[in-house]
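Structure record follows, encoded as structure tokens.
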Amino acid sequence: IKYFYGQLNPKTKEQIENLLRNGMNKELRDRLCCRMTFGTAGLRSAMGAGFCYINDLTVIQSTQGMYKYLERCFSDFKQRGFVVGYDTRGQVTSSCSSQRLAKLTAAVLLAKDVPVYLFSRYVPTPFVPYAVQKLKAVAGVMITASHNRKEDNGYKVYWETGAQITSPHDKEILKCIEECVEPWNGSWNDNLVDTSPLKRDPLQDICRRYMEDLKKICFYRELNSKTTLKFVHTSFHGVGHDYVQLAFKVFGFKPPIPVPEQKDPDPDFSTVKCPNPEEGESVLELSLRLAEKENARIVLATDPDADRLAAAELQENGSWKVFTGNELAALFGWWMFDCWKKNKSRNADVKNVYMLATTVSSKILKAIALKEGFHFEETLPGFKWIGSRIIDLLENGKEVLFAFEESIGFLCGTSVLDKDGVSAAVVVAEMASYLETMNITLKQQLVKVYEKYGYHISKTSYFLCYEPPTIKSIFERLRNFDSPKEYPKFCGTFAILHVRDITTGYDSSQPNKKSVLPVSKNSQMITFTFQNGCVATLRTSGTEPKIKYYAEMCASPDQSDTALLEEELKKLIDALIENFLQPSKNGLIWRSV
């Protein structure tokens with residue numbers, strides 16, 4: 001408790017005092033006896049007092065641990081410096097705004113004579129990894145909880161490469177945090193960001209260079225400037241508005257029409273029930289209505305930290321088609337390869353070209369790659385794995401055109417090594433404008449892609465489960481299904497061909513029964529390949545109390561009866577839920593749409 005009586009944020013101090021005064025020992029113990037661990041994206045938790053929450057103290061402690069670890073890893077740490085960015089989150093009750101937490105992060109490092117590139121205002125998450133690379137800093141932190149609920153915040157760490165940290169850095173940083181939990185003398189001194197000569201503001205330089213780099217993925221600037229298409233953009237109360245406007249300008253477009261109620265930052269996300277554009281039509285309501293009023297056919301939505309993108313298109317019958325992450329990826333894959341083909345130099349070799357996706361994402365890029373002759377690779381879920389794989393490929397002289405994860409995370413080109421909603425938004429706009437000249441809609445083009453490379457119909461959803469032991473028992477039952485150490489051979493009536501368990505490293509399709517993808521012991525993840533061509537994965541979320549399921553029917557180009565394929569997929573998902581997840585028996589909460 002003594003740490004919460006240091007020179008501390010009065011709001012979090014008051015929260016602890018209230019618990020003490022009211023004798024709420026269980027809650028005190030919950031808050032003070034466990035520490036956040038480094039997960040998929042550094043730290044992510046609710047804001048508030050306690051070591052398992054995001055607050056001034058835990059951010060200071062994390063940064064002290066970062067300092068200790070980076071000092072060990074880089075002899076030139078104090079020459080190269082560190083990048084700090086933040087989004088627009090905040091909470092009045094604990095006075096934990098992203099901006100304040102960013103200033104404290106900077107203060108810890110400035111007090112230790114480390115040069116800090118602290119953005120002077122909020123930025124999209126991709127700007128931090130981009131700045132780390134461009135400024136040759138040793139690492140960077142973005143204070144964000146992306147599309148999580150408004151109570152949350154986070155501390156997302158990037159390595160010198162510009163990719164998110166992967167193992168073993170996360171474990172080592174955590175060890176260093178635990179070794180120096182006592183705040184150092186200068187750590188609370190957030191005045192340093194105004195007085196220290198070591199603080200620099202990279203905003204204008206990085207924004208200019210980022211926009212300049214965007215030109216590499218712009219192929220039809222002339223055509224963009226003439227398009228009759230109108231676009232609506234919503235930034236979901238977050239950071240995206242100014243940056244998407246600038247990106248459209250770079251591509252030669254007129255500015256997209258912003259959704260006025262969602263254009264400016266609002267940490268309460270007052271017009272949406274959850275700040276996640278991935279939830280589809282229910283949360284895109286305002287932007288769809290505005291588009292109808294303005295006669296705009298395309299709606300683009302960046303999530304609050306602008307690293308992910310949702311898109312919707314008005315159909316002939318007046319309804320809206322909200323594309324899934326997998327459907328958008330099919331369009332991006334086709335587009336980026338088509339542009340590469342049309343613009344490649346004479347001696348460019350298709351065998352040098354790569355596209356990547358996480359293993360729970362659609363296999364559509366694999367189908368395109370097989371037919372077109374480029375390479376497709378899968379990684380574990382999480383963009384950090386894509387980022388680190390892209391680095392390997394670039395170092396070996398390969399060209400990476402596109403990478404994605406199904407949860408609307410896209411990366412066109414390789415200027416940034418993390419998902420980027422700003423560049424994705426403007427690429428969709430260019431693709432739509434190009435197709436418009438031929439009188440083709442995005443939806444029609446998607447059908448063309450599927451007709452050429454095979455229909456890939458997928459569905460992703462989740463159940464909420466707040467009981468970790470229940471989650472564990474669901475997965476352990478699958479590992480010991482009919483008898484110990486035996487995985488299921490059937491799911492209802494559907495025969496299972498192969499099972500891959502990333503948690504244990506087992507893969508029945510490999511000669512040595514070992515998974516090619518690295519083992520990931522800390523999370524649960526099992527993939528079933530069925531005899532009918534369907535692939536389904538069950539996994540836990542790294543940042544939320546969810547069991548997610550992903551199922552995809554991968555058909556060959558000659559199977560064009562989509563109704564039949566969809567029916568088969570639906571039956572399989574029903575069987576998966578009933579036989580493997582057993583929601584009523586396990587008290588799982590169905591996703592509310």
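In case you wondered, yes, glycine gets a Cβ from its N, Cα and C as well.
Listed in TrEMBL for this protein:
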- 36-179: domain 'Alpha-D-phosphohexomutase alpha/beta/alpha' (DOMAIN)
- 209-316: domain 'Alpha-D-phosphohexomutase alpha/beta/alpha' (DOMAIN)
- 325-452: domain 'Alpha-D-phosphohexomutase alpha/beta/alpha' (DOMAIN)
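Mapped onto DSSP classes, the domain 'Alpha-D-phosphohexomutase alpha/beta/alpha' (36-179) shows 57 helix, 30 strand, 57 coil. As a whole-number mean, the pLDDT of the domain 'Alpha-D-phosphohexomutase alpha/beta/alpha' (325-452) in this prediction is 97. Counting residues of the domain 'Alpha-D-phosphohexomutase alpha/beta/alpha' (325-452) by DSSP class, helix then strand then coil, yields 71 helix, 22 strand, 35 coil.
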